[in-house]
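Worksheet for the structure shown next.
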Amino acid sequence: GTKSGCGGGGCGACTVMVSRYQPASKTIVHYSANACLLPVCQLHGAAITTVEGIGSSKTRIHPVQERIAKAHGSQCGFCTPGMVMSMYTLLRNKPQPTMEDIMLALGGNLCRCTGYRPIVDGCRTFCAEANCCQANGGANCCLNGGENANESEQEKPQLFDQEKFLPLDPTQELIFPPELILMADASNPQTLTFHGERMTWVSPTTLEELVQLKAKHPKAPLVMGNTNIGPDMKFKGVLHPLIISPIRVKELFEVSEGPDGVWVGAGCSLAELHSLLEKRIPGLPEEKTELFRALIQQLGNLGSQQIRNVASLGGNVVSAYPNSDLNPVLAAGSCVVRVVSGGKREIPLNQEFFAGFGKTILKPEDVVVSVFIPFSRKGEFIRALRQAPRKEVSFATVTTGMRVRFSEGSRVVEEVSLYFGGMGPTTVCATKTGKAIEGRPWDEETLNQAYDILLEELSLPPSAPGGKVEFRRGLTLSLLFKFYLDVLHKLKEMNVIKEEIPEKLQPLPRDIQPSLQEFQSVPKDQEAHDPVGRPMMHRSAISQATGEAVYCDDIPKTDGELFLVLVTSSRAHAKITGLDVSEALKLPGVFDVITAQDVPGKKTREMFGYEQELFAEGQVYCVGQTVCGVLADTKAHAKRGAAAVKITYEDLPDPIFTIEDAIEKSSYFEPRRVLFKGDVTEALKSADQVYEGKIHMGGQEHFYMETQSMLVVPVGEETEFKVYVSTQWPTLVQEAVAETLDVQSNRVMCHVKRLGGGFGGKVIVTSILASITSVAAWKTNRPVRCVLERGEDMLITGGRHPVLGKYKVGFMNDGKIVAVDYHYYANSGCFVDESVLISEKILLHMDNAYNIPNLRGHSAACRTNLPSNTSFRGFGVPQSLLVVENMVNDVAMALGRPADQIREINMYKGPSVTHYKFEFSPENLRRCWELCKLKSDYSARRHAIDQFNQQSRWKKRGISLIPIKYGIAFAESFLNQAGALVHIYKDGSVLVTHGGTEMGQGVHTKMQQVASRELHIPTSKVFISETCTGTVPNTCPSAASFGTDANGMAVKDACEILYRRLEPIRLKNPKGSWESWVKRSTSNSAASGKDHYIDWEKMEGQPYSYYTFGVCCSEVELDCLTGDYRTLRTDIVMDIGRSINPSVDIGQIEGAFTQGLGLYTLEELKFGPTGILYSRGPSQYKIPAVCDVPLRFNVYLLPDSDNPNAIYSSKGIGEPTLFLGSSVFFAIKDAVAAARSDAGLSGPFSLDSPATPERACLACAMPFNKKVPASEPGSFKPWALNI
């Protein structure tokens, strides 16, 4: 059922529907909420509907569940229950939603697999406008005047058939429980009190009682939505012995309108406030609703739908967060709060009200009853402007409320009020700036003086919490300028101003357009029951959508089971001088503490000649290294036990955090690799021009929706263990556990049903965590479960390697690149993990799609005191190629030519050889390039963008075209083997087991298709249960885009052997059914891979089986004042041979692209100066949400392509398209270049990855950013390190 993804209301995986009956209006309201923040004590009288409640495969499935599944919107399936419930709640309130409603409803639900497009397409089928042909993915819509209507739509295969969906029938929904209605109508409400182990919860029913309680317990917090107190208790360990919940106090929900404005109850949720203001606007003259409209705009950006449904207006005011979005607008609009304690008082919301970080001038016993929102007056304008790291569901970097009032018919300012959030510990008012504007005309001269005063007034120290100091100071100016422009246009409309004024600032486009997915139909002569090449739904999509799919942590708790919580180091480089667990053992429920002393077998795991300890002994090498583990009967008790463990340290000098530190101190993991061809030094001498550049690329957190999860069960006899674990490599976990416990591998059974996402992060780390958990199970002889919380997972597990790439390139004036010398440095963290292999793969891909005659690459894995980085989808290639493409871009800028021309001139042509002497044909690469230019209408759009940029001053567009050549297979041949076991039972059903694990990439679905084709039976007869080391031994990891290639061949071999065994029977009875032929036979087959190798001495080898090619074109629109951008359109052309399952493959392409878009433009890991990770959850670390999907997102599979090197001529597709997300990075860089040329700057410039709004805005060299004085590096301690 409901899943827990982050525990803080940030990912939406736990979304449920809450229904309440309102006796006053005799109506029932339904709203979505995050279960992880919803206190059970608060749900008295409410009905909760979860994903299991709306449908199941045993009874009937609900249309929402069916459409998300059949539109291929569920890959790993962990986010699906939340997606289903968000959409279901929307349909309960609005059975025919608009596209905007859908985007709003899904805004608070994160998905790491799909790239959102299929989820949106599935939900779009409920839209009222969905019956237009355009919405069904047909580009030749009647509205487009059918560009090539001669080719009928029927011939083009579609990913799903909308006609077959169950209709939505609102009359068939679950009714609200009648007994709750009776209870609510009959009640004279009583005070509710709940007592827990350490705290009490009281829910009073009258305002009088609430005031008395608060007077008696002034420290007790009032909890309405629990969106503030909840996370504090969960993540900061704050304990409140008493909590007061005023949710049943009617006075807090009353709304009354007076002649000057509206009093809104402080208990109203933000969603209620939104609809209340919206309903009042049409009945009022426009001039009265300025404040209402500004508030509506901020409410649309504040949190997710789930948060707005529960968070209260009063809570938002009183929690007084420095970057609150509402408080600046309420303050600028002169709102007032009504407070009760003893007597009633009215307090204006102004500068004085906010006393400090999270503090107001209210007394502890005060209760805020309501907030007064005044009508605006004639000649008054109010605007709310903000900038945030992600367009939606994100705390603001800087947020503002600005009000200005003019005397009638004049442009002279009577009164102005400017409030800013995110510019200090509280909401601040720029009073001096206001004074400088008042009494003067609203024009450029006035504003120019105001900017200088504002800069001085809102100064941030260079080490201010939150960082981004220059950007934030620049934003205060840009947002004031936006306000100035907006009001100027209003004055022009009112004819107060006659002269010409600058262009109006339009918001960035946001409407999602229908997209295309083009693939080839199966051959006309293919048998009807042969599923290969047809879009087939993920085999467990329905059970994922109904919540029936079982993940590791869904396995029911068994008797005597213990929960393990890890205790991790808080220092980056120190000796452990003491470990005191005595306090922890005294706590209730705590059973034992596991340390290095308890390990019966090997205490370390060895990789590449380096050792990694399971538990730190004597010394710690990073913040987040495991020191010991606390076992208790529940997770809550284990967490408290872990918090009570005391570790003392003695800091060691000079920890190394950045790549620059490591280079300076020569701190590397050996071997460092070099690869070259030709003579780079000579070629550089003879080149027309030589350019040296570099680019920094940040790391990336895997953010799989299901955190690291495992359960180790001792069987009880002969030291046998069952390990249920979420891992990509069951065999490694089996080996690791066996070595740690000093037993043979045959005693350890590793079971993997499915993973809630992996992306490379569930390989090495998982084997170490499973070893630790197994020690606990071995010592206590009880089942032990270990499920990391999101914050622990992000802290402990590491992610993608940050890379510094330096290059020296020689090129001719005609654009031909003759020589490049690369230096790559990867920040590996404190243990080697797979860093050496990653640094090798970086060099193997440093040619990308270009034939450069002289090439040299050096690659080093730097050893630092950060958590160890590990494999991540793409395995070094996304880092390697970003440096390559940035180099090509620099060459283009140095020559002043379009980058796509330079790419084309240098691309491989004809029969080619790579720098490691591997022969291949680049023909399909060229075909992808040409097809992408054609499908994306590249040259016409390039021209249109140049036109747009000439006319637009503050917004720029950019476009880029990026190719990729990606080698598929492991370069180590022993990893390329796979096994499969196929059973045919007497009733004719088939059970397939293979070595691949299902993490959303559809490998089980494809294996089902393979068995179906080879045995000539329908897929319904083929079942795949789980991946288990007991049935298929010695498997390779499901990684490197190689799962289908390796396991598909093994399944195919096994099925062929069985089919041959049935041959004599088939010949005797050719007309018989499959069932009649089957007697009993099973087969085991191991398909060993080809020999892949690379000889680093000779610098040659065959590390890959073949290449996957692709080209991507993306266009963005950038707001140069704030750095915000939208991806307007993306077209991807991929050569993936003949797709076994187009729906799965297109899903992989879109999902990897979106992950890449996150990597290059959004996702930023922040480490503090002591090496601690700040960004430990979705509120600080932003992965792409549904608002980040390209507005038009087209995918084309290259037609008529073959690949003799893999099963059924298909190609591996999991990783290659991740790099294509960089097309958005280069499109942003293109838009920035256009802004720079307005400022008179040309030639190559540096823009590091990710191209966050901060980096893009500062690179634009806008006049406002130039006003901000830069801080001298070294003169202060920055808030965060630049890793």
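Any Cβ shown, glycine's included, is placed from N, Cα and C.
The model shown is predicted, which means the values in this text are computed figures rather than measured ones.
The annotation [2Fe-2S] cluster 1 binding site is assigned in TrEMBL to Cys6, Cys11, Cys14, Cys36.
Sequence-distant neighbours of Cys113 ([2Fe-2S] cluster 2 binding site) (same chain, 6+ residues apart, CB-CB distance under 8 A): Gln75, Cys76, Cys79, Met705, Gly757, Gly1000, Gly1147, Gly1151. What TrEMBL records for Cys76, Cys79, Cys111, Cys113 is [2Fe-2S] cluster 2 binding site.
Under the heading domain 'FAD-binding PCMH-type', TrEMBL lists 194-378.
Taken from TrEMBL, the feature FAD binding site applies to 222-229, 312-316, Asp325, Arg386. Sequence-distant neighbours of Gly314 (FAD binding site) (same chain, 6+ residues apart, CB-CB distance under 8 A): Met224, Leu252, Gly265, Ala266, Gly267, Val337, Val368, Ser370, Val371.
Ala1040 (Mo-molybdopterin binding site) is surrounded by 27 other CB atoms, counting those within 10 A of its CB over all protein chains shown. According to TrEMBL, the feature Mo-molybdopterin binding site maps to Gln728, Phe759, Arg873, Ala1040.
According to TrEMBL, the substrate binding site annotation covers Phe875. With a cut-off of 8 Å between CB atoms and residues at least 6 apart in sequence, the same chain places Gly760, Glu834, Leu837, Ile838, Lys841, Ala1039, Ala1040, Glu1215 near Phe875 (substrate binding site), listed in sequence order.
Around Glu1215 (active site, proton acceptor), taking its Cβ as the centre, 26 other Cβ atoms fall within 10 Å, counting all chains. Sequence annotations record features per position, and here TrEMBL assigns active site, proton acceptor to Glu1215.
Between the CA atoms of Asn316 (FAD binding site) and Cys6 ([2Fe-2S] cluster 1 binding site) there is a gap of 22 Å.
A Cβ within 8 Å of the Cβ centre of Gln728, Phe759, Arg873, Ala1040, the residues given for Mo-molybdopterin, is found for these other residues of the same chain: Gly758, Gly760, Gly761, Val763, Ser871, Phe872, Phe875, Ser1038, Ala1039, Gly1214, Glu1215. Residues Gln728, Phe759, Arg873, Ala1040 are recorded as binding Mo-molybdopterin; their most distant pair of Cα atoms lies 12 Å apart. Taking the mean position of the Cβ atoms of Cys76, Cys79, Cys111, Cys113 as the [2Fe-2S] cluster 2 site, the remaining residues of that chain whose Cβ falls within 8 Å of it are Ser74, Gln75, Gly77, Phe78, Thr80, Arg112, Thr114, Met705, Gly756, Gly757, Gly1000. If you measure from the Cα atom of Arg386 (FAD binding site) to that of Cys111 ([2Fe-2S] cluster 2 binding site), you get 25 Å.
Nearest neighbour of Phe759 (Mo-molybdopterin binding site) by Cα distance, taken over the binding-site residues Cys11, Cys36, Leu222, Asn226: Cys11.
In this structure, the C-alpha atom of Cys6 ([2Fe-2S] cluster 1 binding site) lies 12 angstrom from that of Cys111 ([2Fe-2S] cluster 2 binding site).
Leu222 (FAD binding site) sits 18 Å from Cys36 ([2Fe-2S] cluster 1 binding site), counting Cα to Cα. Checked against Cys36 ([2Fe-2S] cluster 1 binding site), the binding-site residues Asn226, Asn228, Arg873 differ in C-alpha distance, with Asn226 being the nearest. Listed in chain order, the residues near the [2Fe-2S] cluster 1 site other than Cys6, Cys11, Cys14, Cys36 are Lys3, Ser4, Gly5, Gly7, Gly8, Gly9, Gly10, Gly12, Ala13, Asn34, Ala35, Gly82, Arg790, Pro1178, each with its Cβ within 8 Å of the site Cβ centroid.
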